[in-house]
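The structure appears right after this line, and notes come after that.
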């Protein structure tokens, strides 16, 4: 702002900082003077809009102006609307009486839009100026007093009271000044002749024309006018009408004719020849778009017309003769510009589109949109639509639109949308504008990880190395970023005897499963674990897959001899009569193999013998029989070395040594008690004292075993059963058969049942003698040690007995 002296300084600044605001509906208006100092406060926008100061920063209050330059800013600390740069009303609004600057106040969370208007008041910062500093006017000396000559007009960029108000003329004796206001509001001056001119007395008059505005203080501009007095030519041209009026389309091309003016001159000769031209004070912008044919008076278009820039042109034309001095007549011309639909609608994004979470509710605001059309009337009426194949729609409000969601979104189907917005006006033909708004959809953790299959089967050999990679599982998550980052873990199953971490470790990042220990097929054949894949979303989602780990058998166990027992020494002792014939059953070697399948198939052979011609060993059953009758020359003491081999690779084997004592007068007991029915009352007297003690001991052991089995059954262990048979009951499922010698001790024991030895664990036996020839049932123990301990009990109970176990072919049970 310019300096002003005296008491007027305070008055001007008091006017400059008087801020007026009013609300029209939801619209706020402030009034400020132009050239306000940068940083000056316009008003407290936060208070006027009803917001707390704390809401400004949190809700990101900002100004969205349609102009390229931001003239205002918001103080986020106080909520004040402050001036951000120099404001020149004449640059912004030109000669318009009202200068309004529209602002859009945008605040988020939720997204809201407020309209604010800033009225820029004019101050007297521009003096009136003439386009030319001097001019010459030729006036004939015979002109009568009262004649008028229009002088060049001055321009003042200010408006209202600060605009051009009047003119003044320097003191003289022949001329006076007449000031008048035209219909369009322009102030023009006329030079009026007051006295007759006498060229012979004074041929040149120099006058100063001063233009004054209405400001306080008054500003002025001067123009030097030189008047040359001419002689004779006493008739001036006269126009047919005092004012011409015409209209033209704004799309008129250069050279288009609008109107033809015509004037007449009563003089003859050169004094009556007329040429047409613009008056001296015609503005430059009129001369740029129109021209006057000097000979015909036809006014044509030479520049580009634009209704949106100027709707009407008013200017003066004159008709000048060629006399000496020249005389001229004047007339005014008004050209109205007719609007055409030549401006397409403009789509303005008041706020940039915000990314939308895929679980956003219907009606969520995505962006604020403004549309405008520089045309007027029906040509400026605009309809805004969106493409029908998207999940968005437009919601109008206060000449603006909000782009909102019209349906539920799914990022996994579409991660972003290109929303095409079409603006079409109502002109003929209609003009349209297309704008594409890119809306990104934010991911929400709404999809759990998925494994490629619900269960996996893994096969590994027993005795594997710990830490070896076994298998890799993989899951996918169609979410993105952290919602798709997966972590793998192993869950425990109640069916496993130990926690899953005891057996396996899984890489949490890639799902590779490693063994934590070496596996023994004879202890465990199948382990099932549950692998869980969990994402990093909030809340996290997960899914499970079951991995079945099958342990494959390896021939890592040698056959174990269970009869004859060698726990009391390295050699088993057996007796036989010298009267034995060929095929006589001497004893039976029984062995078991903890392996399975082919690895557990056993073969018996006689490795060494005192007399190899006397004895033979059955390849599959292990029965030791005589090959011929025993003669008197055969040694009474025979030693046999029997080898037992399995069918695995590599072959595992073991040996047992049997000493056979051939006695004279030794009587063979009944060979098979199952073929004869012996009454219990006839055998009672033949049981020796050792058998009674043994039966009592075994009975006590059986009772203890029953108690233990009942406890295990109550805990969910595998059911066990002890069957009791007597000599009168034919048991179809006998597992263990015992034959006694005539003097009491056991001769041999038979192990029956096809699948009994097919399990990976060893078996123990529990005796429950209820009669002289009780059947004993084998019960699956927890380990080979239990089975061996049971045999030791039998050895302790029958120290003088010779044991024989008869085994069936071992069959593999595959899982």
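Cβ coordinates come from backbone N, Cα and C, glycine included.
Keep in mind that TrEMBL annotations are predicted by a computer and have not been checked by a curator.
Per TrEMBL, the feature domain 'Cadherin' maps to 24-130, 131-239, 240-347, 356-451, 452-561, 576-671. Residues or ranges marked as signal peptide in TrEMBL: 1-26. Taken from TrEMBL, the feature transmembrane segment applies to 687-710.
The average pLDDT for the domain 'Cadherin' (240-347) in the predicted structure is 91. Under DSSP, residues within the domain 'Cadherin' (240-347) fall into helix, strand and coil as 10 helix, 48 strand, 50 coil.
For the domain 'Cadherin' (356-451), the DSSP counts in helix, strand and coil order read 4 helix, 50 strand, 42 coil. Using DSSP to sort the residues of the domain 'Cadherin' (24-130) gives these counts of helix, strand and coil: 16 helix, 42 strand, 49 coil.
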